[in-house]
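For reference, the structure discussed in these notes is given below.
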Amino acid sequence: MWKVKPPVTFPKEVKYRPILENLIPPDPMAQFHLKRGFPQEEFPDLCRNFTWMGRILTLDLYRRQFNRCTQSGVIFDDVIRPGLEEPGDYLGPVSVGCVAGDAESYILFCDFFDRVIEAYHEQKITSQTPESDLNYDNLKGGDDLDRSYAVRCEVSVVRGIEDFCFPTHCSRGERRQLLTLARQALEQLEQKLAGRLLLLTDLSQEQQSELNLKAPTSFQLRIGVARDWPDARAVWVSEDRSLLVWVNIDEHLRLVSTREDANVAQAFQCICINLQKLEKYYRGLRHPFIWKQQLGWVTSSPANVGTGLRISVLIKLQHLPKHKHLKDVLKRLRINMDKTDSPELYNIGNMATFGLTEVALTQLVVDGVKLLIIMEKRLEGSLSIDELVPAQK
């Protein structure tokens, strides 16, 4: 029987190699032997790409990123893959079309990411550190929406964990470590708010639907977010159902608070209180949330930098969706209106997460929803809404 011979080792080499390697930091790209052509040969076809990536990326910009690689192995083609898989639609909303594989991506590919972030959020990136305001008492209103129109609300926030790659690039081991960290942090949270951690592998499809958890889309599978599904995915549920914490679903962490009474103020308060607690617990575990000085909180998607906060209110509208000024109204209010399966129900939410504080973003949605409801009431009475259209900012 053939036996594998042990490798030949040289004592001096074993002794001095670590010292020599530490003198010159290795180039990450040197670890790869990618059979790629020149940048002009590898440049993607963006003729019918309607994402921000497709609008911004040029051959010169691509050439500058081409030979860069983060320490964990993220190259620029990994960054732009989502926009190539889903090029968007001419008439549809414009997505960012890119994703960060790790936190270093925002630094190494900053000349690309900064342009995408500025275009998507309509906010310039400056040297100033973004402001944060999680004092829910500063929110005005939010608990007084007209229930004849406001049906339900949801407030969610995402966070990335320091020292781990983002979902599109992390390994199985990293994902499982993230689950272990989440279990430790949530055990501390349970001392203040009773709840339990449920693994997706233990939940039926019906139970997942009750928690508003959907099966991964083909797009999520193609870009790698849903690799090894549902391994190391979990959701923490508070006993009173006021708070859900998604672990490794689409980001490292997503906190979700849903209110069937459309009380945005209460949902926002729940998120603010528990987010700050989890931030403290993760810092104690020596894995704080990822923060970049000029961007604020960052996760895998540039669409969520800054605050990572999303506020959504489901409202009933019959007349306003058909009005000629609706598009201008939404643009000036800086909010989105998305259709649902019901022809009279629409989701109203914030467009951007960067450039405003958490309170300011929530206030933007609350005030916007109130104005839309006022407009709907006037249209029901066959009255004009021209004087209610906000001025161009």
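Using N, Cα and C of the backbone, Cβ positions are placed for all residues, glycine too.
These come from TrEMBL:
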type	residues	note
DOMAIN	35-122	domain 'Phosphagen kinase N-terminal'
DOMAIN	149-379	domain 'Phosphagen kinase C-terminal'
BINDING	152-156, R254, 310-314, 338-343	ATP binding site
DOMAIN	182-254	domain 'Importin N-terminal'
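Across the residues of the domain 'Importin N-terminal' (182-254), the predicted structure has a mean pLDDT of 93. Cβ contacts within 10 Å of V313 (ATP binding site), excluding its own Cβ and spanning all protein chains shown: 29. The Cβ neighbour count for R152 (ATP binding site), using a 10 Å radius and every protein chain shown, is 17.
Around the Cβ of S342 (ATP binding site), 10 further Cβ atoms fall within 10 Å across all displayed protein chains. For V155 (ATP binding site), the same-chain residues 6+ apart in sequence whose C-beta sits under 8 angstroms from its C-beta are V256, S257, V264, A267, F268, C270, I271, L309, R310, I311, S312, T362. If you take the C-beta of K339 (ATP binding site) and look for same-chain residues 6 or more apart in sequence within under 8 angstroms, you find Y346.
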